[in-house]
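Taking it in order: structure first as structure tokens, then the write-up.
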Amino acid sequence: MLNPIVRKFQYGQHTVTLETGIMARQATAAVMVSMDDTAVFVTVVGQKKAKPGQDFFPLTVNYQERTYAAGRIPGSFFRREGRPSEGETLIARLIDRPIRPLFPEGFVNEVQVIATVVSVNPQVNPDIVAMIGASAALSLSGIPFNGPIGAARVGYINDQYVLNPTQDELKESKLDLVVAGTEAAVLMVESEAELLSEDQMLGAVVFGHEQQQVVIQNINELVKEAGKPRWDWQPEPVNEALNARVAALAEARLSDAYRITDKQERYAQVDVIKSETIATLLAEDETLDENELGEILHAIEKNVVRSRVLAGEPRIDGREKDMIRGLDVRTGVLPRTHGSALFTRGETQALVTATLGTARDAQVLDELMGERTDTFLFHYNFPPYSVGETGMVGSPKRREIGHGRLAKRGVLAVMPDMDKFPYTVRVVSEITESNGSSSMASVCGASLALMDAGVPIKAAVAGIAMGLVKEGDNYVVLSDILGDEDHLGDMDFKVAGSRDGISALQMDIKIEGITKEIMQVALNQAKGARLHILGVMEQAINAPRGDISEFAPRIHTIKINPDKIKDVIGKGGSVIRALTEETGTTIEIEDDGTVKIAATDGEKAKHAIRRIEEITAEIEVGRVYTGKVTRIVDFGAFVAIGGGKEGLVHISQIADKRVEKVTDYLQMGQEVPVKVLEVDRQGRIRLSIKEATEQSQPAAAPEAPAAEQGE
């Protein structure tokens, strides 16, 4: 008999159910977590033995959404799920980041977490459910894991924090923040915000951490009922004698090497010291493990840098704790792009471009929660040459997708609304040099490139990466961290925003004991750094350019009667196709009658507008128009009177005397004055040449609304 063990509890406005013991019993642990009809099945498998020579912790997190969860069949050619989407990759990273630091140092057994979304309520995002599931499964598994963790989404609506807001509530929220942590400490924050203050952001982190304690308590209760015995794993005993010997050979030399401010020169010197030290030790005892020696040397490096920072000495590159590296800001660096910028901060550099397109260029995302259209695209590329290495170049890796998403979050809050600026915008950041915080350099470069492209962003934004070194009660917060300070520190803390507030905040904390006060110091120090960078950026460009690039499509907007949309589109799209070919423009029509005409040439746009106005103009009964004969039949002739509208001149209305043969009076293509006698309920038009000739002057084309240019 299958006997499920179930825990059910209230979490904010939702009911959460944890269930184990009924499915995937050959996995190390498996949990089905549901939150109001959104259900995620999470499994964990851990290998009891580490692979020989394994020198890093091989943790893999896979997050996969099944379309059956939403009652749909995949739209792909093969009608089955393919490789992970960008959204799935981002959620896999979201699960990975808070659990990774909770495995003990020295644990290198392979662990795989697989989270599968099996049911989805469109109002409840599965990411928090998956994070809770991963925490529960790891806690049940017996694998050495210092959890459990809780996870919460925090919104900010009407000046109130909201726990786990629904998708509808998120649309009204000024904040979308995910926080994860243990009972004692926050471990990870990922957020985007509409320029909130430092205090509001910190309040959200603290609120989310307090609220998620109920999750941790319930996972602990589930473990008491259904947990597997804890693995009898012990770290390798520390070889104190070997540590001392390595330190005697290398510590002083590494300390000197870390006074070299140039990254490449420093790395070269550190490599020499390491290889010479390892060679000396292997000559003394060839049974020594080279990997173990490498780990000891890395620990010495870490200690050298950390102790120097804590003692108040200058950092690796000679800076004080709150100093920003030298900045170089240039805009308009590429002649044919719509907007471009080169942003350099020390040895980190980003070449960023902005490209404007029409609504047709927007990305349609067929997601589990429903289809949505994205009109702001942000792509981040990290080629191997940026760190002086060779390597594969191809589709973006998980890290590039994650960094691109963070940079996008940093800029999103200042992007103009589509009704004010009806363009799809794509920003691409090419990292040309990297030594710390290339994602935040991408935010700065994006802000500059967008202004260079004439995109009316609400404010300039900049980003900065902060670090932390902490031993006991002694701690130092570092501004604008280098790559080495990121690896060797206890916290990586990225903040983007304008002068008025924060647009994105990302935190990854590797230790417990980071208090609210420490986070407050880091946020305030980050604000000072952000304002300094914005000041330098404003010297290069302090407002969006007054006009878009001559190479960008100009979008002109006119309004037509929604009833006339069918006339502009035509049967099977024939009219709109002919219009785009005739005028050389791109034409998009919305359901409310908004027509957007995109063209790089103003004259072409005017021509397209004129043609659309002709097609949509109302035909006035009693008015005389100049028309062209398009068809001749026995009972009369059809005459086009502009805008693709055609009316019938009956044989009795051709002349004021009896007409025996229509062709005696009219020829194909002949221009004739016609008077509109009637437009019937079906839109058919009756015309008269006889009555028109009695009136002296034909009327001009009907008036239509003037175009507005969407700049």
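Cβ from N, Cα, C; glycine included.
Feature annotations, courtesy of Swiss-Prot:
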- ASP486, ASP492: Mg(2+) binding site (BINDING)
- 553-612: domain 'KH' (DOMAIN)
- 622-690: domain 'S1 motif' (DOMAIN)
- 689-711: region 'Disordered' (REGION)
- 694-711: compositional bias 'Low complexity' (COMPBIAS)
If you count Cβ atoms within 10 Å of the Cβ of ASP492 (Mg(2+) binding site), leaving out that atom itself, what do you get?
21
Using Cβ atoms only, which residues of the same chain lie under 8 Å from ASP486 (Mg(2+) binding site) while being at least 6 residues apart in sequence?
GLY436, SER437, ALA465, GLY467, ASP492
Across the domain 'KH' (553-612), what are the DSSP residue counts per state (helix, strand, coil)?
32 helix, 16 strand, 12 coil
If you average pLDDT over the domain 'KH' (553-612), what do you get?
86
Count the residues of the domain 'S1 motif' (622-690) that DSSP assigns to helix (H, G, I), to strand (E, B) and to coil, and report the three numbers in that order.
8 helix, 33 strand, 28 coil
